[in-house]
Amino acid sequence: MTAPSQVLKIRRPDDWHLHLRDGDMLKTVVPYTSEIYGRAIVMPNLAPPVTTVEAAVAYRQRILDAVPAGHDFSPLMTCYLTDSLDPNELERGFNEGVFTAAKLYPANATTNSSHGVTSVDAIMPVLERMEKIGMPLLVHGEVTHADIDIFDREARFIESVMEPLRQRLTALKVVFEHITTKDAADYVRNGNERLAATITPQHLMFNRNHMLVGGVRPHLYCLPILKRNIHQQALRELVASGFNRVFLGTDSAPHARHRKESSCGCAGCFNAPTALGSYATVFEEMNALQHFEAFCSVNGPQFYGLPVNDTFIELVREEQQVAESIALTDDTLVPFLAGETVRWSVKQ
């Protein structure tokens with residue numbers, strides 16, 4: 001006779017960093033998020049990027065059209081900051097409830113970021129307006145100078161961009177997204193109530209050895225790149241401490257298999273199907289399940305000034321095998337932990 005499975009009931013979570021893409025990809029991936037999460041901050045790095053209220057309204061409608069019947073899901077839209085963005089357009093979108101936040105991509109830091117910001121000074125009027133109206137700034141925190149080693153780009157960003165920016169605009173709310181280093185974990189922990197961070201499941205579960213030793217694993221390749229184990233451990237300790245300004249942001253970033261498994265593969269992990277169970281596994285390993293619900297469902301809304309979700313979901317602790325692939329028009333998607341046996345999954 002088998003022992004009954006352990007069940008974990010939590011308030012419905014939100015995903016504070018998500019890529020849904022567009023077209024057939026969007027239609028394929030949306031249900032994996034909408035069946036679990038109440039809301040998600042949707043990244044604006046389409047081609048062309050989402051830089052106007054009209055573009056965000058249209059994109060939001062395409063997302064909602066892809067949500068299956070019976071799923072209660074609200075996409076929260078973001079504006080892609082560019083050197084030429086009009087502060088009035090940004091404020092209009094925020095006041096009309098279209099834009100929840102704005103995203104700063106340093107030019108060429110990640111997928112579809114060629115339109116990104118060349119320098120903070122170039123967008124200072126926009127940032128000053130955001131500070132004035134209370135609009136959160138979401139930051140991909142890496143410098144992009146060719147001479148800076150890829151493993152050092154986050155730490156260098158803190159000292160050269162993030163700290164000077166926050167010193168200059170002291171009332172600006174900032175989310176340091178997908179942090180990957182001890183430097184960033186310490187920086188956020190020591191920051192004030194206007195600084196928060198998201199962390200992905202892959203950066204909590206893995207380090208660069210997992211990606212590079214015994215063969216290259218392209219489906220663990222994302223940006224910011226996985227770091228050495230001391231950084232992974234610092235991230236795990238941050239979430240396990242119950243610190244309330246760090247929250248769930250999967251950075252789920254789907255690419256077709258042929259774009260990941262190539263001579264010059266794309267960065268991004270499609271983790272939407274397995275992320276929540278992955279986070280639960282980490283919290284269990286850290287003996288910190290008492291902080292799991294806050295990380296997933298409470299800390300994010302509190303920072304954004306939004307209500308928590310009023311429905312609940314359950315995770316069950318029983319071994320399940322993750323699908324090897326997911327059909328995508330004329331290709332496939334490879335989910336995070338494909339083919340592996342996982343300990344926690346959302347109860348259907």
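From the backbone N, Cα and C atoms, a Cβ is placed for every residue, glycine too.
Keep in mind that this is a model prediction, so the values were computed, not measured.
Swiss-Prot has this to say about the protein:
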type     : residues                                                   : note
ACT_SITE : Asp251                                                     : active site
BINDING  : His17, His19, Lys103, Asp251                               : Zn(2+) 1 binding site
BINDING  : His19, Leu20, Arg21, Asn45, His140, Leu223, His255, Ala267 : substrate binding site
BINDING  : Lys103, His140, His178                                     : Zn(2+) 2 binding site
MOD_RES  : Lys103                                                     : N6-carboxylysine
Checklist outcome for this item: Whole-Å Cα distance, Ala267 (substrate binding site) to Asp251 (active site), is 11
Next on the checklist: Comparing the binding-site residues Leu20, Leu223, Ala267, which residue's C-beta has the most other C-beta atoms within 10 angstroms in this structure?
Outcome noted: Leu20
Checklist entry - Relative to the Cα of His17 (Zn(2+) 1 binding site), which of the recorded positions His178, Leu223, Asp251 have a Cα no more than 10 Å away? => result His178, Asp251
Checklist outcome for this item: Between the C-alpha atoms of Lys103 (Zn(2+) 1 binding site) and Arg21 (substrate binding site), the distance in angstrom, to the nearest integer, is 16
Item to check | CB contacts for His255 (substrate binding site) [other CB atoms within 10 A, all chains] | outcome: 26
Checklist outcome for this item: Minimal Cβ count within 10 Å, across the recorded positions His17, Arg21, Lys103, Asp251, points to Arg21
Checklist entry - Roughly how many Å separate the Cα of Arg21 (substrate binding site) from that of Asp251 (active site), to the nearest whole number? => result 12
Checklist entry - Which residues, in sequence order, are found in the same chain with Cβ within 8 Å of the centroid defined by the Cβ atoms of Lys103, His140, His178 at the Zn(2+) 2 site, excluding those residues themselves? => result His17, Met43, Leu104, Tyr105, Thr110, Leu138, Val139, Gly141, Glu177, Asp251
Checklist outcome for this item: Nearest by Cα to His19 (Zn(2+) 1 binding site), of the recorded positions His140, His178, Leu223, Asp251, His255, is Asp251
Item to check | Near-site residues: Zn(2+) 1, ref His17, His19, Lys103, Asp251, CB cutoff 8 A to centroid | outcome: Leu18, Ile41, Met43, Asn45, Leu138, Glu177, His178, Gly249, Ala253
Item to check | Where His255 (substrate binding site) sits in the secondary structure, as DSSP reduces it to three classes | outcome: coil
Item to check | Between His178 (Zn(2+) 2 binding site) and Asn45 (substrate binding site), the C-alpha gap once rounded to whole angstrom | outcome: 16
Checklist entry - Fewest neighbouring Cβ atoms within 10 Å: which of the binding-site residues His19, Asn45, His140? => result Asn45
